[in-house]
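Working notes, structure below.
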Amino acid sequence: MWRGILLAFLLLCGSKAGADGSDHKYSEWDLVPLYANKVGPFSNPSETYRYYDLPFCSPGPVTEKRETLGEVLNGDRLVDAPYELRFRKDLQSKTICSRKLTKEEVAILRDAVEKEYLKYDHPPEFKYLLYTHIHFDVLYKGDQVIEINIQRDPEFSVDITEDKEMDVSFSYSATWKETDIPFGKRMETYSMTSSLPYLGIQGWSIINSCETLLILTVVLGVILIRVLRNNSIKYSLDEESAEDQELTGWKSIHGDVFRFPEHKSLFSAVLGSGTQLLALALLIFLLAQIGVFYPYNRGACFTALVLIYALTSGIAGYTATSMYLQLEGDHWVRNLLLTGCLFSGPLFLTFCFLNAVAIAYGATAALPFGTILAILLIWALVTLPLLVVGGVAAKWKRVEFQAPCRTTKVPREIPPLRWYRGTEPQIAMAGFLQFGAICIELDFFLASLWGHRIYTTYGILFIVFIILIIVTCFNTMVMTYFQLAVEDHNWWWRSVLCGGSTGVFILLYCFDYHARSDMSGFMQTSFFFGYMTCISYGFFLMLGTVGFRASLLFVRYIYRSIKCE
(Lines of atoms letter the chains of each structure in order from A; the text may use other names.)
(Lines give C-alpha, C1' and ligand atoms only; values in the text may rest on other atoms or scores of the structure.)
Protein backbone atom coordinates (compact mmCIF):
# COMPACT_ATOMS: atom_id res chain seq x y z
CA MET A 1 0.00 0.00 0.00
CA TRP A 2 1.52 3.29 -1.07
CA ARG A 3 1.87 5.84 1.65
CA GLY A 4 0.96 8.69 -0.63
CA ILE A 5 2.91 11.91 -0.34
CA LEU A 6 5.18 12.17 2.67
CA LEU A 7 6.15 15.82 2.90
CA ALA A 8 9.03 16.92 5.10
CA PHE A 9 9.29 20.61 5.88
CA LEU A 10 12.83 21.80 6.48
CA LEU A 11 12.47 25.35 7.70
CA LEU A 12 15.70 26.99 6.60
CA CYS A 13 16.88 30.53 7.03
CA GLY A 14 14.79 33.13 5.23
CA SER A 15 15.94 36.50 4.01
CA LYS A 16 15.49 38.21 7.36
CA ALA A 17 18.61 40.24 8.04
CA GLY A 18 20.74 38.92 10.84
CA ALA A 19 18.70 35.74 11.37
CA ASP A 20 20.60 32.60 12.11
CA GLY A 21 19.85 29.57 9.95
CA SER A 22 18.97 27.49 12.98
CA ASP A 23 16.25 29.93 14.10
CA HIS A 24 13.84 28.95 11.30
CA LYS A 25 12.67 32.56 11.07
CA TYR A 26 10.98 34.20 8.09
CA SER A 27 9.83 37.57 6.97
CA GLU A 28 6.48 38.02 5.28
CA TRP A 29 6.41 36.55 1.77
CA ASP A 30 9.69 34.68 2.31
CA LEU A 31 9.85 31.34 0.51
CA VAL A 32 9.46 28.41 2.91
CA PRO A 33 11.58 25.50 1.60
CA LEU A 34 9.40 22.46 0.98
CA TYR A 35 10.65 18.96 0.20
CA ALA A 36 8.92 15.74 -0.78
CA ASN A 37 10.08 12.44 0.65
CA LYS A 38 9.70 8.79 -0.32
CA VAL A 39 6.54 6.89 -1.27
CA GLY A 40 5.80 3.25 -0.64
CA PRO A 41 3.36 0.60 0.57
CA PHE A 42 1.87 1.69 3.90
CA SER A 43 2.26 -1.76 5.47
CA ASN A 44 5.79 -2.25 4.13
CA PRO A 45 7.87 0.53 5.72
CA SER A 46 11.10 -0.84 4.22
CA GLU A 47 9.77 -0.92 0.66
CA THR A 48 9.96 2.76 -0.23
CA TYR A 49 10.65 4.47 -3.53
CA ARG A 50 11.59 7.93 -4.69
CA TYR A 51 8.80 10.48 -4.81
CA TYR A 52 9.01 11.04 -8.55
CA ASP A 53 8.88 7.33 -9.33
CA LEU A 54 5.15 8.07 -9.49
CA PRO A 55 4.01 10.37 -12.32
CA PHE A 56 3.70 13.54 -10.23
CA CYS A 57 4.42 17.06 -11.41
CA SER A 58 8.14 17.81 -11.36
CA PRO A 59 9.57 21.27 -10.66
CA GLY A 60 12.19 20.69 -13.35
CA PRO A 61 15.58 19.02 -12.89
CA VAL A 62 15.22 16.94 -9.73
CA THR A 63 18.05 17.27 -7.23
CA GLU A 64 18.17 15.41 -3.94
CA LYS A 65 18.80 17.35 -0.77
CA ARG A 66 22.03 16.54 1.02
CA GLU A 67 21.13 14.40 4.03
CA THR A 68 22.77 13.11 7.18
CA LEU A 69 24.02 9.56 7.63
CA GLY A 70 21.00 8.61 9.73
CA GLU A 71 18.54 9.99 7.17
CA VAL A 72 20.13 7.96 4.40
CA LEU A 73 20.07 4.82 6.58
CA ASN A 74 16.39 5.54 7.21
CA GLY A 75 15.75 5.45 3.46
CA ASP A 76 14.88 9.17 3.21
CA ARG A 77 15.42 10.76 -0.20
CA LEU A 78 14.30 14.38 -0.01
CA VAL A 79 13.73 16.26 -3.27
CA ASP A 80 12.34 19.68 -4.11
CA ALA A 81 8.55 19.66 -4.05
CA PRO A 82 6.66 21.44 -6.82
CA TYR A 83 4.78 23.60 -4.31
CA GLU A 84 5.66 27.22 -3.54
CA LEU A 85 4.72 28.43 -0.06
CA ARG A 86 5.25 32.07 0.83
CA PHE A 87 5.29 32.96 4.50
CA ARG A 88 1.83 34.26 5.59
CA LYS A 89 0.56 34.40 2.01
CA ASP A 90 -2.78 32.65 1.43
CA LEU A 91 -3.41 30.91 -1.87
CA GLN A 92 -6.89 30.16 -3.18
CA SER A 93 -5.79 27.79 -5.91
CA LYS A 94 -2.67 27.54 -8.00
CA THR A 95 -2.05 25.06 -10.79
CA ILE A 96 1.25 23.22 -10.62
CA CYS A 97 1.10 21.64 -14.04
CA SER A 98 -1.21 20.06 -16.57
CA ARG A 99 -0.14 16.85 -18.21
CA LYS A 100 -1.44 13.94 -20.21
CA LEU A 101 -1.23 10.66 -18.33
CA THR A 102 -0.45 7.64 -20.49
CA LYS A 103 -2.14 4.28 -20.02
CA GLU A 104 0.97 2.99 -18.29
CA GLU A 105 1.06 5.94 -15.86
CA VAL A 106 -2.64 5.51 -15.06
CA ALA A 107 -1.96 1.83 -14.33
CA ILE A 108 0.90 2.78 -11.99
CA LEU A 109 -1.28 5.22 -10.07
CA ARG A 110 -4.19 2.78 -9.87
CA ASP A 111 -1.84 0.09 -8.57
CA ALA A 112 -0.68 2.52 -5.89
CA VAL A 113 -4.24 3.28 -4.85
CA GLU A 114 -5.17 -0.40 -4.87
CA LYS A 115 -2.32 -1.30 -2.57
CA GLU A 116 -3.12 1.64 -0.33
CA TYR A 117 -6.56 0.18 0.45
CA LEU A 118 -5.65 -3.49 0.18
CA LYS A 119 -6.49 -4.20 3.83
CA TYR A 120 -10.06 -2.90 3.47
CA ASP A 121 -13.04 -4.79 2.03
CA HIS A 122 -14.15 -3.32 -1.27
CA PRO A 123 -17.81 -3.16 -2.31
CA PRO A 124 -18.76 -5.03 -5.50
CA GLU A 125 -18.42 -1.80 -7.49
CA PHE A 126 -15.79 0.76 -6.65
CA LYS A 127 -13.65 3.34 -8.38
CA TYR A 128 -10.02 4.34 -8.18
CA LEU A 129 -9.69 8.07 -7.69
CA LEU A 130 -6.62 10.26 -8.04
CA TYR A 131 -6.77 13.44 -5.95
CA THR A 132 -5.33 16.34 -7.88
CA HIS A 133 -5.57 19.14 -5.30
CA ILE A 134 -3.77 19.55 -1.98
CA HIS A 135 -4.53 22.16 0.65
CA PHE A 136 -1.86 23.32 3.12
CA ASP A 137 -3.16 24.52 6.47
CA VAL A 138 -0.19 26.31 8.06
CA LEU A 139 0.05 27.54 11.66
CA TYR A 140 2.62 30.17 12.57
CA LYS A 141 3.64 32.27 15.56
CA GLY A 142 5.47 35.50 14.96
CA ASP A 143 8.07 34.82 12.31
CA GLN A 144 8.27 31.02 12.71
CA VAL A 145 6.30 28.13 11.26
CA ILE A 146 4.77 25.90 13.95
CA GLU A 147 2.72 23.25 12.17
CA ILE A 148 1.69 22.26 8.63
CA ASN A 149 -1.31 20.03 7.93
CA ILE A 150 -2.11 18.62 4.49
CA GLN A 151 -5.65 17.94 3.32
CA ARG A 152 -7.14 16.51 0.15
CA ASP A 153 -10.17 17.98 -1.56
CA PRO A 154 -12.61 15.28 -2.78
CA GLU A 155 -14.06 17.73 -5.29
CA PHE A 156 -10.78 17.65 -7.19
CA SER A 157 -10.38 14.01 -8.26
CA VAL A 158 -9.96 11.98 -11.43
CA ASP A 159 -11.31 8.49 -12.11
CA ILE A 160 -8.38 6.20 -12.99
CA THR A 161 -10.30 2.92 -12.85
CA GLU A 162 -9.64 2.18 -16.53
CA ASP A 163 -6.40 2.20 -18.49
CA LYS A 164 -6.83 5.17 -20.78
CA GLU A 165 -5.07 8.42 -21.53
CA MET A 166 -6.40 11.51 -19.75
CA ASP A 167 -5.57 15.13 -19.15
CA VAL A 168 -4.93 16.01 -15.53
CA SER A 169 -4.26 19.34 -13.78
CA PHE A 170 -2.55 19.29 -10.39
CA SER A 171 -3.08 22.25 -8.06
CA TYR A 172 -2.75 23.35 -4.46
CA SER A 173 -3.88 26.05 -2.04
CA ALA A 174 -2.65 27.36 1.32
CA THR A 175 -4.10 29.06 4.38
CA TRP A 176 -1.99 30.69 7.13
CA LYS A 177 -3.30 30.98 10.68
CA GLU A 178 -1.66 32.39 13.78
CA THR A 179 -1.35 30.18 16.88
CA ASP A 180 -0.29 30.57 20.52
CA ILE A 181 1.93 27.47 20.47
CA PRO A 182 5.59 28.52 21.00
CA PHE A 183 8.20 27.24 18.57
CA GLY A 184 9.99 25.25 21.28
CA LYS A 185 6.85 23.22 22.04
CA ARG A 186 5.75 22.56 18.46
CA MET A 187 6.47 18.82 18.79
CA GLU A 188 4.53 18.24 22.01
CA THR A 189 1.27 17.83 20.11
CA TYR A 190 2.65 14.86 18.20
CA SER A 191 4.16 13.38 21.36
CA MET A 192 0.89 13.54 23.27
CA THR A 193 -1.15 12.27 20.32
CA SER A 194 1.08 9.22 19.92
CA SER A 195 1.42 8.35 23.60
CA LEU A 196 -1.91 9.12 25.30
CA PRO A 197 -3.96 6.19 23.88
CA TYR A 198 -1.32 3.69 25.06
CA LEU A 199 -0.26 4.99 28.49
CA GLY A 200 -2.77 2.80 30.29
CA ILE A 201 -1.61 -0.34 28.51
CA GLN A 202 2.02 0.57 29.08
CA GLY A 203 1.22 1.04 32.76
CA TRP A 204 0.03 -2.57 32.84
CA SER A 205 3.27 -3.50 31.09
CA ILE A 206 5.29 -2.02 33.95
CA ILE A 207 3.04 -3.74 36.54
CA ASN A 208 3.49 -7.06 34.72
CA SER A 209 7.26 -6.60 34.71
CA CYS A 210 7.31 -5.68 38.39
CA GLU A 211 5.29 -8.79 39.28
CA THR A 212 7.84 -10.99 37.54
CA LEU A 213 10.63 -9.16 39.33
CA LEU A 214 8.90 -9.55 42.69
CA ILE A 215 8.48 -13.29 42.26
CA LEU A 216 12.14 -13.77 41.37
CA THR A 217 13.22 -11.53 44.24
CA VAL A 218 11.27 -13.65 46.71
CA VAL A 219 12.69 -16.90 45.31
CA LEU A 220 16.24 -15.57 45.36
CA GLY A 221 15.74 -14.18 48.85
CA VAL A 222 14.64 -17.59 50.14
CA ILE A 223 17.73 -19.18 48.63
CA LEU A 224 20.16 -16.65 50.04
CA ILE A 225 18.61 -16.20 53.47
CA ARG A 226 17.37 -19.67 54.41
CA VAL A 227 19.54 -22.14 52.51
CA LEU A 228 22.88 -20.43 52.03
CA ARG A 229 22.93 -18.82 55.44
CA ASN A 230 22.42 -22.17 57.18
CA ASN A 231 25.09 -23.83 55.09
CA SER A 232 27.49 -20.98 55.70
CA ILE A 233 27.08 -21.36 59.43
CA LYS A 234 27.90 -25.07 59.21
CA TYR A 235 31.01 -24.40 57.14
CA SER A 236 32.18 -21.69 59.50
CA LEU A 237 32.86 -24.32 62.18
CA ASP A 238 36.36 -25.47 62.96
CA GLU A 239 38.30 -27.56 60.47
CA GLU A 240 37.90 -30.83 62.38
CA SER A 241 34.14 -30.61 62.40
CA ALA A 242 34.07 -29.73 58.75
CA GLU A 243 36.06 -32.81 57.81
CA ASP A 244 33.50 -35.04 59.52
CA GLN A 245 30.69 -33.70 57.37
CA GLU A 246 29.74 -35.33 54.08
CA LEU A 247 29.82 -32.79 51.29
CA THR A 248 26.68 -32.85 49.16
CA GLY A 249 24.94 -30.58 46.72
CA TRP A 250 26.57 -27.36 45.60
CA LYS A 251 29.20 -27.60 48.34
CA SER A 252 30.63 -30.84 46.98
CA ILE A 253 31.75 -29.27 43.68
CA HIS A 254 33.81 -26.40 45.14
CA GLY A 255 36.88 -27.85 43.42
CA ASP A 256 35.26 -27.69 39.98
CA VAL A 257 32.94 -24.69 40.03
CA PHE A 258 35.72 -22.29 38.98
CA ARG A 259 37.14 -24.56 36.31
CA PHE A 260 37.49 -22.43 33.18
CA PRO A 261 34.92 -23.06 30.41
CA GLU A 262 35.58 -24.52 27.01
CA HIS A 263 36.07 -22.22 24.00
CA LYS A 264 37.69 -19.46 26.04
CA SER A 265 38.14 -17.13 23.09
CA LEU A 266 34.50 -17.27 22.00
CA PHE A 267 33.35 -16.94 25.60
CA SER A 268 35.43 -13.82 26.11
CA ALA A 269 34.31 -12.35 22.79
CA VAL A 270 30.67 -12.82 23.80
CA LEU A 271 31.28 -10.92 27.04
CA GLY A 272 33.14 -8.14 25.24
CA SER A 273 30.46 -7.67 22.57
CA GLY A 274 27.65 -7.95 25.11
CA THR A 275 29.21 -5.31 27.35
CA GLN A 276 29.58 -2.96 24.39
CA LEU A 277 25.94 -3.42 23.40
CA LEU A 278 24.83 -2.79 26.98
CA ALA A 279 26.80 0.46 27.02
CA LEU A 280 25.29 1.35 23.64
CA ALA A 281 21.74 0.79 24.91
CA LEU A 282 22.29 2.87 28.04
CA LEU A 283 23.77 5.77 26.07
CA ILE A 284 20.90 5.68 23.57
CA PHE A 285 18.43 5.86 26.47
CA LEU A 286 20.39 8.78 27.88
CA LEU A 287 20.13 10.69 24.60
CA ALA A 288 16.43 9.89 24.43
CA GLN A 289 15.84 11.25 27.92
CA ILE A 290 17.51 14.58 27.12
CA GLY A 291 15.30 15.04 24.06
CA VAL A 292 17.60 14.21 21.15
CA PHE A 293 15.11 11.83 19.51
CA TYR A 294 12.10 14.12 19.38
CA PRO A 295 9.30 13.21 16.92
CA TYR A 296 10.17 13.55 13.25
CA ASN A 297 13.85 14.12 13.95
CA ARG A 298 14.55 11.91 10.99
CA GLY A 299 17.58 9.66 11.17
CA ALA A 300 18.89 10.93 14.53
CA CYS A 301 18.60 7.50 16.14
CA PHE A 302 20.39 5.75 13.27
CA THR A 303 23.21 8.27 13.35
CA ALA A 304 23.56 7.85 17.11
CA LEU A 305 23.60 4.05 16.82
CA VAL A 306 26.41 4.06 14.25
CA LEU A 307 28.58 6.61 16.06
CA ILE A 308 28.07 5.30 19.60
CA TYR A 309 28.72 1.73 18.50
CA ALA A 310 31.99 2.86 16.96
CA LEU A 311 33.02 4.89 20.03
CA THR A 312 32.19 2.08 22.50
CA SER A 313 34.31 -0.52 20.70
CA GLY A 314 37.11 0.17 23.18
CA ILE A 315 34.85 -1.23 25.91
CA ALA A 316 34.46 -4.45 23.94
CA GLY A 317 38.21 -4.76 23.40
CA TYR A 318 39.07 -4.13 27.04
CA THR A 319 36.40 -6.47 28.45
CA ALA A 320 37.10 -9.35 26.07
CA THR A 321 40.89 -9.22 26.41
CA SER A 322 40.73 -8.86 30.19
CA MET A 323 38.50 -11.92 30.55
CA TYR A 324 40.51 -13.91 27.99
CA LEU A 325 43.75 -13.28 29.89
CA GLN A 326 42.08 -14.15 33.19
CA LEU A 327 41.08 -17.46 31.62
CA GLU A 328 44.76 -18.00 30.78
CA GLY A 329 44.33 -17.58 27.04
CA ASP A 330 47.42 -17.37 24.82
CA HIS A 331 46.19 -15.70 21.60
CA TRP A 332 44.71 -12.42 22.72
CA VAL A 333 45.13 -10.73 19.33
CA ARG A 334 43.07 -13.44 17.66
CA ASN A 335 40.49 -13.06 20.40
CA LEU A 336 40.38 -9.32 19.78
CA LEU A 337 39.61 -9.83 16.09
CA LEU A 338 36.88 -12.32 16.98
CA THR A 339 35.38 -9.79 19.36
CA GLY A 340 35.33 -7.11 16.68
CA CYS A 341 33.53 -9.37 14.22
CA LEU A 342 31.21 -11.28 16.53
CA PHE A 343 28.31 -8.85 16.17
CA SER A 344 29.34 -6.55 13.34
CA GLY A 345 30.22 -9.51 11.08
CA PRO A 346 26.71 -11.07 10.93
CA LEU A 347 25.22 -7.57 10.79
CA PHE A 348 27.39 -6.66 7.79
CA LEU A 349 26.54 -9.88 5.94
CA THR A 350 22.84 -9.31 6.59
CA PHE A 351 23.15 -5.74 5.34
CA CYS A 352 24.89 -6.86 2.15
CA PHE A 353 22.09 -9.29 1.33
CA LEU A 354 19.30 -6.83 2.14
CA ASN A 355 21.01 -4.01 0.25
CA ALA A 356 21.20 -6.26 -2.81
CA VAL A 357 17.47 -6.95 -2.47
CA ALA A 358 16.75 -3.21 -2.19
CA ILE A 359 18.85 -2.52 -5.30
CA ALA A 360 16.91 -5.17 -7.21
CA TYR A 361 13.64 -3.49 -6.17
CA GLY A 362 14.96 -0.01 -6.90
CA ALA A 363 13.98 1.04 -3.38
CA THR A 364 15.38 3.96 -1.38
CA ALA A 365 16.53 1.48 1.28
CA ALA A 366 19.47 0.70 -1.03
CA LEU A 367 22.36 2.75 0.34
CA PRO A 368 24.48 4.82 -2.04
CA PHE A 369 28.11 3.84 -2.48
CA GLY A 370 29.25 6.96 -0.64
CA THR A 371 27.25 6.04 2.46
CA ILE A 372 28.60 2.49 2.46
CA LEU A 373 32.13 3.86 2.11
CA ALA A 374 31.53 6.25 5.02
CA ILE A 375 30.38 3.40 7.27
CA LEU A 376 33.41 1.30 6.31
CA LEU A 377 35.72 4.23 7.06
CA ILE A 378 34.10 4.68 10.47
CA TRP A 379 34.73 1.01 11.19
CA ALA A 380 38.32 1.13 9.91
CA LEU A 381 39.35 4.48 11.41
CA VAL A 382 37.34 4.53 14.65
CA THR A 383 35.96 1.12 15.61
CA LEU A 384 39.03 -1.00 14.89
CA PRO A 385 41.62 1.35 16.46
CA LEU A 386 39.56 1.79 19.64
CA LEU A 387 39.09 -1.97 19.82
CA VAL A 388 42.85 -2.45 19.69
CA VAL A 389 43.44 0.31 22.25
CA GLY A 390 41.02 -1.38 24.63
CA GLY A 391 42.73 -4.74 24.17
CA VAL A 392 46.20 -3.28 24.73
CA ALA A 393 44.99 -1.49 27.86
CA ALA A 394 43.59 -4.75 29.24
CA LYS A 395 46.85 -6.58 28.53
CA TRP A 396 48.87 -3.84 30.19
CA LYS A 397 46.58 -3.90 33.23
CA ARG A 398 46.45 -7.65 33.46
CA VAL A 399 44.67 -9.10 36.49
CA GLU A 400 44.32 -12.66 37.78
CA PHE A 401 40.98 -14.41 38.02
CA GLN A 402 39.71 -14.16 41.58
CA ALA A 403 38.42 -17.55 42.76
CA PRO A 404 37.69 -18.21 46.44
CA CYS A 405 38.24 -21.97 45.93
CA ARG A 406 41.11 -23.81 44.35
CA THR A 407 40.36 -25.95 41.31
CA THR A 408 41.22 -29.64 41.35
CA LYS A 409 43.28 -31.19 38.58
CA VAL A 410 40.75 -33.91 37.72
CA PRO A 411 37.24 -32.78 36.80
CA ARG A 412 34.44 -34.22 38.92
CA GLU A 413 31.96 -36.38 37.05
CA ILE A 414 28.51 -34.85 36.73
CA PRO A 415 25.79 -37.21 37.98
CA PRO A 416 22.87 -38.16 35.71
CA LEU A 417 20.17 -35.51 35.80
CA ARG A 418 16.44 -35.60 35.22
CA TRP A 419 15.28 -34.18 31.91
CA TYR A 420 13.94 -30.96 33.39
CA ARG A 421 17.38 -30.30 34.91
CA GLY A 422 18.98 -30.30 31.47
CA THR A 423 20.30 -27.32 29.57
CA GLU A 424 17.42 -26.88 27.12
CA PRO A 425 14.55 -26.88 29.68
CA GLN A 426 16.38 -24.43 31.95
CA ILE A 427 17.17 -22.10 29.04
CA ALA A 428 13.53 -22.21 27.91
CA MET A 429 12.25 -21.50 31.43
CA ALA A 430 14.68 -18.62 31.94
CA GLY A 431 13.90 -17.04 28.58
CA PHE A 432 10.16 -17.32 29.13
CA LEU A 433 10.30 -15.53 32.49
CA GLN A 434 12.50 -12.75 31.15
CA PHE A 435 10.47 -12.32 27.98
CA GLY A 436 7.30 -12.08 30.03
CA ALA A 437 8.65 -8.90 31.61
CA ILE A 438 8.88 -7.07 28.25
CA CYS A 439 6.34 -8.73 25.93
CA ILE A 440 3.74 -5.94 26.19
CA GLU A 441 6.17 -3.09 25.64
CA LEU A 442 7.85 -5.05 22.85
CA ASP A 443 4.66 -4.91 20.81
CA PHE A 444 4.61 -1.09 21.04
CA PHE A 445 8.27 -0.95 20.08
CA LEU A 446 7.77 -3.12 17.00
CA ALA A 447 4.74 -1.07 15.97
CA SER A 448 6.97 1.99 16.00
CA LEU A 449 9.96 0.33 14.36
CA TRP A 450 8.01 -1.41 11.60
CA GLY A 451 4.93 0.76 11.44
CA HIS A 452 3.93 4.39 11.53
CA ARG A 453 3.21 4.90 15.21
CA ILE A 454 5.54 7.47 16.73
CA TYR A 455 7.27 6.22 19.87
CA THR A 456 7.75 8.96 22.45
CA THR A 457 7.43 7.20 25.83
CA TYR A 458 11.15 6.63 26.21
CA GLY A 459 10.89 6.89 30.00
CA ILE A 460 8.56 3.89 30.17
CA LEU A 461 10.77 1.95 27.77
CA PHE A 462 13.81 2.70 29.93
CA ILE A 463 12.00 1.51 33.08
CA VAL A 464 11.04 -1.75 31.35
CA PHE A 465 14.62 -2.16 30.13
CA ILE A 466 16.03 -1.73 33.66
CA ILE A 467 13.47 -4.22 34.98
CA LEU A 468 14.56 -6.64 32.25
CA ILE A 469 18.19 -6.30 33.34
CA ILE A 470 17.30 -6.91 37.00
CA VAL A 471 15.02 -9.84 36.14
CA THR A 472 17.79 -11.37 34.02
CA CYS A 473 20.27 -11.03 36.91
CA PHE A 474 17.96 -12.60 39.47
CA ASN A 475 16.72 -15.28 37.10
CA THR A 476 20.18 -16.51 36.08
CA MET A 477 21.33 -16.53 39.70
CA VAL A 478 18.39 -18.74 40.64
CA MET A 479 18.98 -21.04 37.65
CA THR A 480 22.67 -21.25 38.48
CA TYR A 481 21.92 -22.24 42.06
CA PHE A 482 19.53 -24.97 40.91
CA GLN A 483 22.24 -26.24 38.57
CA LEU A 484 24.92 -26.27 41.26
CA ALA A 485 22.55 -27.92 43.72
CA VAL A 486 22.49 -31.07 41.56
CA GLU A 487 26.32 -31.05 41.39
CA ASP A 488 26.53 -29.77 37.80
CA HIS A 489 29.53 -27.44 37.70
CA ASN A 490 29.30 -26.44 34.01
CA TRP A 491 27.54 -23.16 34.80
CA TRP A 492 29.68 -20.74 32.78
CA TRP A 493 28.13 -21.18 29.36
CA ARG A 494 24.70 -22.06 30.73
CA SER A 495 24.48 -18.73 32.56
CA VAL A 496 25.17 -16.98 29.25
CA LEU A 497 22.54 -19.07 27.47
CA CYS A 498 19.94 -18.58 30.20
CA GLY A 499 20.45 -14.84 30.22
CA GLY A 500 20.58 -14.52 26.45
CA SER A 501 17.62 -16.82 25.77
CA THR A 502 15.38 -13.73 25.81
CA GLY A 503 16.76 -12.94 22.36
CA VAL A 504 15.43 -16.27 21.08
CA PHE A 505 11.96 -15.51 22.45
CA ILE A 506 12.06 -12.05 20.86
CA LEU A 507 12.80 -13.65 17.48
CA LEU A 508 9.97 -16.18 17.95
CA TYR A 509 7.62 -13.35 18.84
CA CYS A 510 8.55 -11.66 15.56
CA PHE A 511 6.92 -14.52 13.65
CA ASP A 512 3.67 -13.89 15.50
CA TYR A 513 3.93 -10.13 14.96
CA HIS A 514 4.57 -10.56 11.24
CA ALA A 515 1.58 -12.88 10.92
CA ARG A 516 -0.68 -10.28 12.60
CA SER A 517 0.64 -7.40 10.50
CA ASP A 518 -0.18 -6.46 6.92
CA MET A 519 3.41 -6.79 5.73
CA SER A 520 3.79 -8.58 2.42
CA GLY A 521 6.29 -9.19 -0.32
CA PHE A 522 9.79 -10.65 -0.39
CA MET A 523 11.60 -7.37 0.26
CA GLN A 524 9.64 -6.37 3.35
CA THR A 525 9.77 -9.91 4.76
CA SER A 526 13.52 -10.07 4.18
CA PHE A 527 14.12 -6.72 5.85
CA PHE A 528 11.87 -7.54 8.80
CA PHE A 529 13.33 -10.93 9.65
CA GLY A 530 16.86 -9.98 8.60
CA TYR A 531 17.18 -6.99 10.90
CA MET A 532 15.03 -8.47 13.68
CA THR A 533 17.35 -11.49 13.72
CA CYS A 534 20.29 -9.11 14.21
CA ILE A 535 18.42 -7.26 16.97
CA SER A 536 17.54 -10.54 18.69
CA TYR A 537 21.16 -11.65 18.39
CA GLY A 538 22.24 -8.36 19.97
CA PHE A 539 19.86 -8.97 22.88
CA PHE A 540 21.29 -12.48 23.24
CA LEU A 541 24.84 -11.13 23.57
CA MET A 542 23.86 -8.28 25.88
CA LEU A 543 21.60 -10.23 28.25
CA GLY A 544 23.91 -13.26 28.12
CA THR A 545 26.68 -11.03 29.44
CA VAL A 546 24.40 -9.67 32.15
CA GLY A 547 23.42 -13.21 33.14
CA PHE A 548 27.01 -14.40 33.43
CA ARG A 549 28.15 -11.38 35.44
CA ALA A 550 25.29 -11.85 37.88
CA SER A 551 25.97 -15.58 38.20
CA LEU A 552 29.70 -15.01 38.70
CA LEU A 553 28.98 -12.58 41.51
CA PHE A 554 26.55 -15.05 43.05
CA VAL A 555 28.90 -18.04 42.80
CA ARG A 556 31.81 -16.11 44.28
CA TYR A 557 29.62 -15.01 47.16
CA ILE A 558 28.31 -18.43 48.15
CA TYR A 559 31.68 -20.21 47.84
CA ARG A 560 33.48 -17.48 49.73
CA SER A 561 31.33 -18.36 52.74
CA ILE A 562 32.50 -21.97 53.00
CA LYS A 563 35.89 -23.39 53.90
CA CYS A 564 37.57 -24.63 50.73
CA GLU A 565 40.84 -26.49 50.67
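A Cβ is built for glycine as well, from the same backbone N, Cα and C atoms used for every other residue.
Per TrEMBL, the feature signal peptide maps to 1-21. The transmembrane segment feature in TrEMBL is assigned to 212-228, 277-296, 302-325, 337-363, 369-394, 456-479, 491-509, 529-555.
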Any contact between the transmembrane segment (456-479) and the transmembrane segment (529-555), i.e. 3 or more CB pairs below 8 Å with pairs at least 6 residues apart? yes
Below 8 Å between Cβ atoms, which of the listed ranges 277-296, 302-325, 369-394, 491-509, 529-555 makes the most pairs with the transmembrane segment (337-363)? 529-555
Return yes if the transmembrane segment (277-296) and the transmembrane segment (529-555) have at least 3 CB pairs under 8 Å (sequence gap of 6 or more), otherwise no. yes
Take the C-beta pairs under 8 A between the transmembrane segment (369-394) and each of 302-325, 491-509, 529-555. Which stretch has the highest count? 302-325
